[in-house]
């Protein structure tokens, strides 16, 4: 799939192994999610347009550049929250809007319970954030909500995905790039990614 980008960075592979480990404590887990999120952001923003900006250094005038687009972050609650702060560290001017979606454990279908989008679109690029792309239901629903809202450019950033989730998101929204740290083997009968890392939300917030 042309729109699927899986990181090949050695540090991503290293940190992802630590993240997956069952004995990794919540504090370390959060740190690793933060670090991996910044690696993914770097790769997902390589095509950001720039505009010229004139500044003064302590020694002389300088003609530099700044990001030309307004960026919005859309974390899918609750696990997506773990990816917000590290991205804001790099793009502090980004707007943040929350979408609450949970997966019904009986049907494995997404249910929307919270939507904090403003009345009108005021960004050029939306980054949907969710550590896990399992069935793809929540990601598909989130992107659909953003498109109905009027967002024109959308990218998905996730740490680990199952082929089923990637396929579902790509088929529903083929124009949305998918940036991942890893693509795993399959989903089990409970809808969990295998080998995966378990429930990202529980591990982030110590509720498992």
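Heads up, residue numbers simply count up from 1 along the chain you see.
Every residue gets a Cβ built from N, Cα and C, even glycine.
Pulled from Swiss-Prot:
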type: BINDING; residues: 78, 103, 130, 131, 132, 133, 134, 135, 136, 137, 138, 199; note: 5-phospho-alpha-D-ribose 1-diphosphate binding site
type: BINDING; residues: 193, 198, 199, 200; note: uracil binding site
Take the C-alpha atoms of residue 132 (5-phospho-alpha-D-ribose 1-diphosphate binding site) and residue 199 (uracil binding site) and report the distance between them in angstrom, rounded. 9
Measuring CB to CB from residue 193 (uracil binding site), give everything in the same chain under 8 Å that is also at least six residues away in sequence. 132, 134, 160, 161, 162, 165, 184, 186, 187
To the nearest whole angstrom, what is the C-alpha distance linking residue 136 (5-phospho-alpha-D-ribose 1-diphosphate binding site) and residue 199 (uracil binding site)? 15
Can you tell me the CA-to-CA distance separating residue 199 (uracil binding site) and residue 78 (5-phospho-alpha-D-ribose 1-diphosphate binding site), as a whole number of Å? 11
Cα of residue 130 (5-phospho-alpha-D-ribose 1-diphosphate binding site) to Cα of residue 198 (uracil binding site), in Å and rounded, measures 14
Around the recorded uracil site (193, 198, 199, 200), other residues with Cβ within 8 Å of the Cβ centre, ordered by sequence, are 131, 132, 160, 192, 196, 197, 201, 202, 203
Counting other Cβ atoms within 10 Å, pick out the least crowded of the binding-site residues 136, 198. 198
Under a three-state reduction of DSSP output, how is residue 198 (uracil binding site) classified: helix, strand, or coil? coil
If you count the C-beta atoms lying within 10 Å of each candidate's C-beta, which of the binding-site residues 130, 199 ends up with the smallest number? 199
Show which residues of the chain containing residue 200 (uracil binding site), separated from it by at least 6 in sequence, have their CB under 8 Å from its CB. 33, 79, 82, 131, 132, 159
